[in-house]
Amino acid sequence: MKSVLKGVQLPNGKTTDVTIEGTTIAAIESTSEAGLDCSGLIALPGFVDVHTHLREPGFEASETVLSGSRSAAAGGYTAVLAMANTDPVTDKAEVAELVARLGAESGYCEVQPIGSVTKGLRGAELSDLEGLAKSSAKVRMFSDDGMCVFDESLMREALIRVKAFDGVIAQHSQDPQLTVGAQMNEGPLATELGLKGWPAIAEEAIIKRDAQLALETNSRLHICHLTTAGAVEVVRWAKAKGAKITAEVTPHHLLLTEELVRSYDPVYKVNPPLRRQEDALALQAAVLDGTIDVIGTDHAPHSAEKKQCEWQNAAFGMVGLEHAASVLQQVLIENGGQTWERFAALMSTKPAEIARLTGQGELRVGAVANLALIDPNARRTIQFQTHSRSQNNPFARTVLPGAVVHTIYRGRFTVVNQEVQELNG
Amino acid sequence: MRHLTSIRELTRESAIALLDNAQELAQVGDREVKKLPALRGKTVVNLFFENSTRTRISFEIAAKRLSADVINVSAESSSVSKGESLKDTAQTLEALGADAIVLRHPMSGAPKILAAQGWTKASIVNAGDGSHEHPTQALLDALTLRQVAASSTDLAGLRVLIVGDILHSRVARSNILLLNLLGANVEICGPEALVPSGIEELGASISHSFDQALERNPDAVMMLRIQKERMDGSYFESPAAYGRDWSLNSERLSKLRLNTKILHPGPMNRGLEISAEAADDSRSLVLRQVANGVAVRMAVLHNCLSSGGES
Ligand SMILES: [Zn+2]
């Protein structure tokens, strides 16, 4: 099967045609052949999310691999890394293989399982890291996300062991003892609202410690969803020291602040919490100057029962796959004046590299045809109703720039004219 | 106004109007027939997820003096203790025809979310939520202070010292906001561990010596209840040590100026944060606070239920 995308703009600004044959990009040059009119659209390598919660197995009321990967396709993604905090936890080969197989069956994007660092996310004993790596799912990324690997010696050992197969530890940086009962960012607003505060140091101290362990072991460390101005400083310091450290920021921490918690609306309850305006600005600056390497959505779907209740009873988490590109366009292109090449690095190339995914994050002749075509001039009101099973979207009813018009996964259109396609196997 | 979940929802003008209204309604309590027909046919539900007999009775009397029908629902006696959610409870009360829900809840923000989510059309009145706010308590304190300051409008220039466990106190938060709105100067004073960081941004100066604060001759001293049930003992050394530094004991009482007023939201831990002598002193306004509580709650319920739904 052959498709020709006519008149697309490449990340470098050039306008041309892209020819796809089978699952491969066959040509990137003008052709006399007819094809799909893509004038005004920017072609980017399909997006890769290093931080997605798909909830299956175990929490299918919130999301399934199928519903989550449809949501991902709608957002321009061709690969998602599925977090390990399912039930059962992805702490052994069978679970990883199950998740990968469900992803392959869905057909909307590559679903690459993340293995847990510790058995059952209990933080006491390392998972079968080698078994996960050797499984058919070829796990390269490990995280206890949702929980912090707090035990320093376990963290050190994990960093050492994943070196054998070029793995990476993705840490959810949260000192559990400094955040007992924490409900929102610590500060005057938490005091006024009568909610237990979540100090910035609880995040920053863990990043500092782990960065030092990464330096000492010369291992790859990925910092999940950093949120404070101080955390940016720590990452900057560690990179200057030569640590193999990468950092991720979520769409919501880039644009939203703790002021929203005044509503006590649990849609704004997230872990780590929304911080102050000065933190959001520091994160935006860190995206612009390259201190932050990737956008990770931390897509965390929750059913209505877990969100329509008192703040303290509500679950932490927000959905994020369908509007992440729009948030980044706002921050990087519209406010930051940066290029689409930088955009592609943050959304595709760098995440694929961190996760060691082949066939993702590339837009060149001979590469796998994984593409997102976006209309940069669109402005749209973000909807609650999505392809996800959950509606916990903090950007609902807000207007953001850009729209994913088509998504192509392995040469096949998963999204056409903003409509997610029905795939039959 | 349609709801009252936080002092933040009031302007200086609307707060003064409520106090004026309460001042008028206070006279109903002096009549032989203590009843007005204002809320006849309306149903007020006191929904208490946390015990507070005093506050519940105060709201109940207020509603009845306005001829409303009153239903008391407490967490112990209903399905809410069996895990029924706030949403389900609100929808049930809606179906039963509640016009106003007076909500006491152990979690901060519960009244706000109930008012905002559309689970019920009823007016929501916050009767104390977690360590967030207790707006009707602040209003009754302001009414009491306004009466003794002999002001007919606001509390401009009045100096109020709030003492004790600020960390857990919703009364303190509501009072700081309202006293500021009305032009008073607020100083808060308590042990370091019980004064939360950033509280000064609500509009208060902070000090950590009760004796020094008293030397600045405040017009009123508001003692807070030590919330023993919320403490694990690590906040202060012992009741005796707390009493030495933070109690309005006989010694401090003797140094108080003749016109300095004493307030306490009750119930008092006599002998802990306040001595029996201070509680019963002629400068103590504790009983007047209780009486004003009914008047203020009448004004709030009347205002919420007669505003025809505009917010
Ligand atoms: Zn996390």
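Including glycine, each Cβ sits where the backbone N, Cα and C put it.
TrEMBL labels come from automatic prediction, so no person has curated them.
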Which of B:R8, B:R12, B:R104 belongs with B:R54, B:T55, B:H134, B:Q137, B:G266, B:P267 in the carbamoyl phosphate site listed by TrEMBL: B:R104
Arithmetic mean of per-residue pLDDT over the domain 'Aspartate/ornithine carbamoyltransferase Asp/Orn-binding' (B:157-302): 93
DSSP residue counts for the domain 'Aspartate/ornithine carbamoyltransferase Asp/Orn-binding' (B:157-302), split into helix, strand and coil: 63 helix, 24 strand, 59 coil
From B:R54, B:T55, B:R104, B:H134, B:G266, B:P267: binding-site residues whose CA lies within 10 A of B:R170 (L-aspartate binding site): B:H134
Site with most surrounding Cβ atoms, counting all protein chains shown within 10 Å, from the binding-site residues B:R104, B:R225: B:R104
Subset of binding-site residues B:H134, B:Q137, B:G266 within reach of chain A (CB-CB under 8 A): none
Candidate with sparsest Cβ neighbourhood (10 Å radius) among B:G266, B:P267, the listed binding-site residues: B:P267
Neighbour tally for B:H134 (carbamoyl phosphate binding site), based on other Cβ positions within 10 Å of its Cβ: 26
